[in-house]
Amino acid sequence: MRRKLRIALVAHDNRKADIVDWALNNAEMLSQHRLFGTGTTGTLVRESFMKRGIASDITCMHSGPMGGDAEIAALVVRKEIDFAVFFIDDLNPQPHEADIQMLLRQCRIHNIPIACNRYSADLMITSSLWDDAGYVPKDPIYAPFDRKAFEESLKVKE
């Protein structure tokens, strides 16, 4: 991949081992990009890379419950993140659920791809679209739906 990406890494406590393992499996690729992590997640990835002699550019924010999710969301809003990997613990309640939902919402609103499991993270990081200069992601359409106009647009023009 030629383009240097800005990638956010976030994981709940019960998913931290999973995201570190994913990062190590993708270390060659990730080491070429700028990484942003919530406090503990970013630190764990950085330490795992350092122990293996892998150079990395990782900026650690606060931990999620202390505002790290909100800091990542602010980067998303400013278009300073190209994609996010957020391994969520769906089996246990989180004390900072509002911040989690805010981060997910801002990614959706600002059209920033977010992977919430390993498979989607693998697909995202290996996508050829990152280097396709002709590909321009279309912004989401937030407008009232006009069914009549939509159906008219589908008609074949002769």
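The backbone N, Cα and C atoms fix where each Cβ goes, and this holds for glycine too.
The active site, proton donor/acceptor annotation in Swiss-Prot covers ASP69. For HIS12, LYS16, THR38, GLY39, THR40, THR41, SER63, GLY64, HIS96, the entry in Swiss-Prot reads substrate binding site. The annotation domain 'MGS-like' is assigned in Swiss-Prot to 1-158 on the grounds of sequence analysis.
Everything Swiss-Prot records as a feature, shown here on the structure.
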residue : record                             : CB count, 10 Å
HIS12   : substrate binding site             : 22
THR38   : substrate binding site             : 28
THR40   : substrate binding site             : 17
SER63   : substrate binding site             : 17
ASP69   : active site, proton donor/acceptor : 28
HIS96   : substrate binding site             : 18
Pop the Cα-Cα gap between SER63 (substrate binding site) and the residue listed as 'active site, proton donor/acceptor' into the table, whole Å please.
8
Averaged over the whole of the domain 'MGS-like' (1-158), what is the pLDDT?
94
Provide the three-state secondary structure of HIS96 (substrate binding site) computed with DSSP.
coil
If the substrate site is taken as the center of the Cβ atoms of HIS12, LYS16, THR38, GLY39, THR40, THR41, SER63, GLY64, HIS96, which further residues of that chain fall within 8 Å of it by their Cβ?
VAL10, ALA11, ASP13, PRO65, GLY68, ASP69
